[in-house]
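Trainee: First the structure, which I've put down as structure tokens, then a few questions once you've had a look.
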Amino acid sequence: MATSQTSQTVAAHVPFADLCSTLERIQKSKERAEKIRHFKEFLDSWRKFHDALHKNKKDVTDSFYPAMRLILPQLERERMAYGIKETMLAKLYIELLNLPREGKDALKLLNYRTPSGARTDAGDFAVIAYFVLKPRCLQKGSLTIQQVNELLDLVASNNSGKRKDLVKKSLLQLITQSSALEQKWLIRMIIKDLKLGVSQQTILNIFHNDAVELHNVTTDLEKVCRQLHDPAVGLSDISITLFSAFKPMLAAVADVERVEKDMKQQSFYIETKLDGERMQMHKDGSVYQYFSRNGYNYTDQFGASPQEGTLTPFIHDAFRTDVQVCILDGEMMAYNPTTQTFMQKGVKFDIKRMVEDSDLQTCYCVFDVLMVNNKKLGRETLRKRYDILNSTFTPIQGRIEIVQKKLAQTKNEVVDALNEAIDKREEGIMIKHPLSIYKPDKRGEGWLKIKPEYVSGLMDELDLLIVGGYWGKGSRGGMMSHFLCAVAEKPPHGEKPSVFHTLCRVGSGYTMKELYDLGLKLAKYWKPFHKKSPPSSILCGTEKPEVYIEPCNSVIVQIKAAEIVPSDMYKTGTTLRFPRIEKIRDDKEWHECMTLGDLEELRGKASGKLATKHLHVGDDDEPREKRRKPVSKMKKTIGIIEHLKAPNLSNISKVSNVFEDVEFCVMSGLDGYPKSDLENRIAEFGGYIVQNPGPDTYCVIAGCENIRVKNIISSDQHDVVKPEWLLECFKTKTCVPWQPRFMIHMCPSTKQHFAREYDCYGDSYFVDTDLDQLKEVFLGIKKAGEHQTPEEMAPVIADLEYRYSWDHSPLCMFRHCTVYLDLYAVINDSSSKIKATRLDVTALELRFHGAKVVSHLSEGVSHVIIGENQSRVSDFKVFRRTLKKKFKILQERWVTDSVDKGELQEENQYLL
């Protein structure tokens, strides 16, 4: 019977190979529109097959979910964790395929992040595995999408039950019945990173216009696929529901200087920013559920009823007797009843895994309420939600508490609160607008956060030595993306340190250019790290690098972090929380890094917290936004790493002297004319090839603007020319003069030359122009004048207003608004215009103050304004469901009040 029901699903009939070939096409497509087309074709064929399979049956639960959970595995919540990462998969493949341990293919799998040969797939385990598996696998697999999901369910459940032999058995079934291409995508599904080049929001939007919004309030992919199966049918009400996890509202990083402006010059709440785990609690009588910010269910830990868990038994009686149903949002904290203090997350404990007999106890700190007795409160203001929250339960110290807040109005009060948080060793502060409504998965809609590390000058920074490295993945493949940093043992007086203790691993804070430059500087010094024979100068904990560098060849980096916390992963017995590189200390020698004594002194200074200074506000000491410290540049000769060495051109026969003694740097070619072919032809014409442009380089040839080309352009030292110019030279066997159509970038001297030879549209002053060139010039003129209509000039005007601080003028308060007014008896029917209505004057007011007023309601409209007659509000709400970007429906008073007061008013109080 079960088999019969299973076969009545689309997933039971669709080969897994079809999904994989679709994913392969999506990934290989360069244009976003092409990627979307491939996904839509697969989705449409699924829906057609679904209609044919189920005909007109009602209450069909079959949906696109079996495919969607494989396409967006990072959103999977039903299936438990696989407990498998790349290294474990590599070992499993070696064992299951019986590969020799020291063989070439086994080492490829184990060292997948290490660059080798000419391939550019370093760091992409799935691609490495594909080439290892290709000669050993079926040409085409036999599994359906349904069968793949069933086997992955077994992998997850057996991993949860710690039955490794059964995990291997399920994986073996997948391997023996799949092609190499299918396994490439299986690996990505297991690792939960498909690298498709399109976001999950794009995928959900293609599936259904309401999919993103529904997922934000449910985090349930199966529910999204089932309820929104028909793209023509929308949901009338998408809101937070009981026992359905939603994505919580988030806070944006605040600039202390802008707080008053961000809060609309009105009073605001200041709360302590808690350092725990964001958690939502759903309660219905004696039934409880707890969900994390990512939608994971932690009910087993905290308690599904008053008889079980680390929290529910202690808080059940705290709720008022008339409160049966509620949804709360807050932070799960660890409370020490002995010291009556909350523990910081950096200390060695996990609130989600604390046992009942622990010295610490679970405490739920609540700061918001979203439902009480089936009354949904998300659309209520924060002020009203706070009032309701205070009457929902009676706080119990150390078990369930309400986060305290205070009302403030100035940035001085914000600074005082931040300094107080620093003194108390707290994470920071939250700032919330009393009129803000709750918006799932939105950041900064009236909620702000300030942490000491966001403000320059408040943190102690550490000068650490790089002693190890880790190969990167994805866009950082083939280069070091993370570094192992250390402090020195204090040497005898007058000597340099010889032993270093590891402290932390850091992989953020730098741009791709800074990472690339640092990689070039250290490239020739990296050595493989062998765990059995580690270098005597570098002492590690359990965390070992993939490669190491002799300290005397390394550089010091300045690290900023939140605090120093205990850790047995590093030799110092401590590590840094949230470390990031601020700058490379080119002004310091390798032996001038921090010592163990310096580290211990810093750790004892403020119980490990690195924020020890106060923020001051005054005429000469304004609080400043966080800025990247300028990296001091040091003149250096850039070396050439192995895979950038020039090609062997010794066998090339010269056919012309057109490029005699001319030096070129070819970055990339074109379709049909790859980089190597262009280099060979240049050599045939007598030219020289270099891989990095220098002072003697005539020009850089680039078929596309990758990161290296962009860096060359930003240096403004070399001309960057399209390969088409080279092809023209090869064709005519002459050095064709440069023309504007060949140029990607011009250095200052070339710009001056072109200014003398050509007008601003690329038309030569001295050389006759042919028909094709004239067409090209006319196209340029068209582009230059494209911002001519008032609508098209609006963003240009807005930019000018912002640049010269005119955006504070009341005359441009509606500049970013596109407004449709309720002037028509039938929406979008201009022939049904209502005569002699006050909204005509309102439309003029809007235009006068910068708004774009439209007569057609469509995608891109930001506001709909309703007059005294509100009979069409429900029609507008129905229409809004058909749009991807939702407009706000406001009373006319929002416009008139804003104009009267000379500034935009808070929209929430005018919503309909």
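Cβ atoms here come from the backbone N, Cα and C positions, even for glycine.
Here's the feature list from Swiss-Prot:
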ACT_SITE  Lys273  active site, N6-AMP-lysine intermediate
BINDING   Glu271, Thr272, Lys273, Leu274, Arg278, Glu331, Lys345, Phe367, Glu427, Lys432, Lys449, Lys451  ATP binding site
BINDING   Glu331  Mg(2+) 1 binding site
BINDING   Glu427  Mg(2+) 2 binding site
DOMAIN    654-743  domain 'BRCT 1'
DOMAIN    846-912  domain 'BRCT 2'
REGION    610-620  region 'Required for catalytic activity'
Trainee: If one measures from the C-alpha of Lys449 (ATP binding site) to the C-alpha of Glu331 (Mg(2+) 1 binding site), what distance in angstrom results, rounded to a whole number?
Mentor: 15
Trainee: What whole-number Å value do you get for the CA-CA distance of Glu331 (Mg(2+) 1 binding site) and Glu427 (ATP binding site)?
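Mentor: So the alpha carbons of Glu331 (Mg(2+) 1 binding site) and Glu427 (ATP binding site) sit roughly 13 Å from each other.
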Trainee: May I ask you to report the DSSP-based helix, strand or coil state of Glu427 (ATP binding site)?
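Mentor: Where Glu427 (ATP binding site) sits, the three-state DSSP reduction gives coil.
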Trainee: Pull the DSSP breakdown for the domain 'BRCT 1' (654-743) and write it out as helix, strand, coil residue counts.
Mentor: 32 helix, 17 strand, 41 coil
Trainee: Please report the Cα separation of Glu427 (ATP binding site) and Lys273 (active site, N6-AMP-lysine intermediate) in Å, rounded to an integer.
Mentor: 6
Trainee: List the same-chain residues at least 6 positions away in sequence whose Cβ sits under 8 Å from the Cβ of Glu271 (ATP binding site), in sequence order, or say none.
Mentor: Phe367, Val403, Gln404, Lys405, Ile429, Met430, Ile431, Lys432
Trainee: Count, for each of the recorded positions Lys273, Arg278, Lys449, the other C-beta atoms lying within 10 angstroms of its own C-beta, and report the residue with the smallest count.
Mentor: Arg278
Trainee: Can you tell me how many other Cβ atoms are located within 10 Å of the Cβ belonging to Glu331 (Mg(2+) 1 binding site)?
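Mentor: Counting Cβ neighbours of Glu331 (Mg(2+) 1 binding site) within 10 Å gives 21.
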Trainee: Using DSSP, what's the helix, strand and coil tally for the domain 'BRCT 2' (846-912)?
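Mentor: Secondary-structure composition of the domain 'BRCT 2' (846-912): 24 helix, 12 strand, 31 coil.
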Trainee: Mean pLDDT over the region 'Required for catalytic activity' (610-620): what is the value?
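Mentor: Mean pLDDT across the region 'Required for catalytic activity' (610-620) comes out at 65.
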